Amino acid sequence: MKERSVSNFDIVIFGVTGNLSRKKLIPSLFNLFKNKCISNFRVIGFSRKIFTDKEFRLYIKDSLWQEETDSLIEIFLNFFVYVFGDFNEKESYKNLFKFLDRSRETIYYLSTSPAFYGPIINHLKKYFLSEKLTLSKIVLEKPFGSSLETAKKLNSLLYSAFKEDQIYRIDHYLGKETVQNIFTFRFGNSIFENIWNNRYVDFVQITVAEELGLDGRVEYYDSVGALKDMVQNHILQLLSLVAMESPIKFDSEFIHDEKVKVLKSLRKISKEDIKNYIVKGQYIGSQVQGVFKKGYKDETEFLGNSNTETYLAMKVFINNWRWSGVPFYLRTGKGLARKFSEIYIQFKKPSFTLFNNSSVDFSNALIFRIQPRDGIEIKFNTKKPGYNYEIQTANMEFSYHGAFKRLFDEAYERLLLDAFLGDGTLYATSDEIESSWEFVSDIANKWADIEICNYFYGSEGPKEIDSILEKDHFWRKI
């Protein structure tokens, strides 16, 4: 298949001197350039730091240093220009306009705090965007609001300047190879799609665990928590991909429609039952490999009485024909034993087995490993070599790095290229955002009485999460 590529465009990065830009966006753009996926483009950096173009390029080069490609980096840096500006000042946007080529497509990337989304979009719309509207796109990072109401306000703001097919709401988890492969694995292999339902699936477990705590980000995080920070976007996006019906064709519009149907089918949890479905946790200080790690409340003085969850485990159900009665266990947390993300699908045990004397668990499992090692694993049973008829569990593994020579090492590479090409399949739509916020906001309005369970920094999380499991179900080890 011919390599996807695009040329003749400008990308304006608002907040270009921030961490996201330096660590993710610029290296991803360089790799796309190195692999000849983009050409004849310009990166227009917009920020409040004072730089000449030369100083800006040296600043960018620090995040790209690779000895074997040094000459290529020098060529790449020639595509960069810098515009000094304040996100709230109209003169800054008038100055930016002078740098734009009205004959080329312009992608506006908002690598900023959400607090600046309003000023940036309003200034773009007011001063010059309307003159080249059809040649513009906008890419923005989460959070997409802090509630259903604010998400709707953000969507209204975006629609005042852009059409839906010009808006790209990025969720980097959707750019990971294993996540993308859920779609192909299901609908491209009949042996799996035929058992992808409540007749065969016992439960589904989605885990997004982070090893690091909130170092330096507690003031922002304390107003958000794990429910809004992780469940509303990453985890519900993964759930919708696993649970969706087959679209009538491989097209972004139809794929998004099926994902929305799943989100709208999530069963609301009553206030009376919420304690049986959700466990909230918060990490406390602990020794980790000989180093003391502070607890969440120890990060700053003002957190002394905080009940913000740094860990969340929950059980949800989907009210449709395919998944009725199948629990989906969702969990995410910070300050855990390791960085680890996966989707685990446990299949039901056969109603009858020939091997009643064996202690082996005869339920099979399918695992999508998202990080740290991208891959897919199938757990099955086999005869152990030897004179006796012993059965043991074995794993059949597929590794991306072992099977393919070239990978997108960074999810942003694929997502950026898709945006440049106008492919919104791996981006979230307004309907998805609002549907997920509707579910999450309903929980947030009901769970005030749930107590926070403490867990040690560097552990697996609070032990109380076992209380929400159905009979014979279990949590995977982190």
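Think of each number as a place in line: the chain as shown, counted from 1.
Every residue, even glycine, has its Cβ placed from backbone N, Cα and C.
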### Task
Return the residue out of D222, D229, D298, D361 that Swiss-Prot annotates for the same substrate site as H172, K176, E210, K334, K339.
D229
### Message
Measuring Cα to Cα, how far is H234 (active site, proton acceptor) from H172 (substrate binding site) in Å?
### Response
8
### Task
Compare the C-alpha of D229 (substrate binding site) with the C-alpha of each of the binding-site residues R48, D86, F87, K142, and give the closest one.
K142
### Query
What is the maximum Cα to Cα distance, in Å and rounded to a whole number, among the residues R48, D86, F87, K142 annotated as binding NADP(+)?
22
### Task
Go through R48, H172, H234, K334, K339, our recorded positions, and report the one whose Cβ sees the most other Cβ atoms within 10 Å.
K334
### Summary
Span of H172, K176, E210, D229, K334, K339 as binders of substrate, largest Cα separation rounded to whole Å, comes out at 20
### Task
Using Cβ-Cβ distances, find the residues under 8 Å from F87 (NADP(+) binding site) that belong to the same chain and are at least 6 apart in sequence, listing them in sequence order.
F14, R48, T112, F116, P119, I120, H123
